[in-house]
């Protein structure tokens with residue numbers, strides 16, 4: 001016969017467990033949150049994979065490793081296997097076709113290095129490396145948040161990042177987790193004014209994802225602010241100026257490499273615009289898409305409200321608590337997306353670099369219910385992102401919602 005355990009005894013045990021957990025070092029708390037988030041994402045990915053119809057990458061109901069190698073993972077694996085073409089592929093009409101030059105080299109190069117060290121192939125090296133980079137990113141993000149908030153608030157903000165609706169991408173063979181890690185390190189070094197130490201990190205970051213332009217813009221604005229308000233010594237200003245120049249040059253490194261390798265000056269831009277289906281235009285695509293989705297009146301109004309919401313968040317008391325460098329980064333990156341990004345279903349994924357806004361959301365209220373609900377909503381939206389965007393369910397021939 002089973003003996004019942006009094007509620008008081010259960011509460012005492014839970015309290016004891018909580019006290020033990022509280023005594024763990026900060027990095028253990030961060031890694032516990034990140035591991036819980038990735039475990040949840042793994043369950044979601046596995047559940048959706050079991051319902052996956054046959055796709056260009058696998059048969060029906062693929063295993064986990066096959067499922068996470070959908071979409072752009074295939075492009076990175078192609079680079080891992082054979083590198084980049086020296087001649088741009090073109091269709092019968094002479095237009096450039098989709099090719100490897102749209103994808104930056106650091107992630108596949110890192111996977112190749114790890115493969116050589118371990119003897120393993122693309123699978124499982126690529127997804128494992130992505131998850132590890134995500135864990136390292138979480139640790140650095142916590143250190144950034146601790147510069148502006150206490151331990152508990154920083155952990156809540158890390159939880160929002162770890163459970164962010166597109167956070168399954170942190171364990172998928174994409175460059176997002178590697179880029180997030182390098183971006184976090186670069187921002188930490190900038191916030192702590194170790195500008196020269198940030199130079200090699202920024203160079204690597206600019207070889208992971210195309211975020212060098214907004215980063216250089218952020219540094220330029222920060223330098224201007226320091227000059228205008230005399231808030232730095234001359235030596236610090238010189239170091240910041242050096243970092244700004246190197247960041248601008250690093251932002252151009254990959255387009256320049258594509259030019260040198262193919263002999264086509266705008267090889268990178270031509271390749272990138274293949275995915276949008278039109279030539280590069282600034283700002284206009286956002287208005288066009290808003291009108292297409294919501295109509296000529298409600299669309300632009302909604303777009304203005306969303307933009308105003310982001311600006312309001314950055315200028316709010318919680319936003320000002322980020323400090324000028326992080327505020328400028330979020331503002332510069334949002335402006336970069338507004339100018340150059342073609343709004344599509346991949347837009348949710350490119351919001352990850354705005355991770356400082358997680359701390360803004362946490363500092364907006366001290367309510368545990370509010371914070372817990374935010375994490376729970378993010379976790380539920382992971383299901384939506386995986387089932388709607390990562391899974392391949394074309395509505396008609398040739399149609400898909402790429403993540």
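Each residue, glycine too, has its Cβ placed from N, Cα and C.
Among the residue ranges 107-124, 125-142, the one that TrEMBL annotates as transmembrane segment is 125-142. Annotation: stretch 154-175 has the most Cβ pairs under 8 Å to the transmembrane segment (26-49), among 154-175, 195-224, 373-393. Taking every listed stretch (154-175, 236-257, 293-315, 322-341, 373-393) in turn, the largest tally of C-beta pairs under 8 A with the transmembrane segment (195-224) is reached by 236-257. Within the same chain, the transmembrane segment (154-175) stays apart from the transmembrane segment (322-341): fewer than three Cβ pairs sit under 8 Å, each pair at least 6 residues apart. Same-chain residues lying 6+ beyond the ends of the transmembrane segment (347-366) with a Cβ under 8 Å from its Cβ atoms: 141, 144-145, 148-149, 153-154, 156-158, 160-161, 164-167, 169, 174, 176, 179-180, 183-184, 187, 211, 313-314, 316-319, 321-322, 326, 329-330, 333-334, 337, 341, 374, 385, 389, 403.
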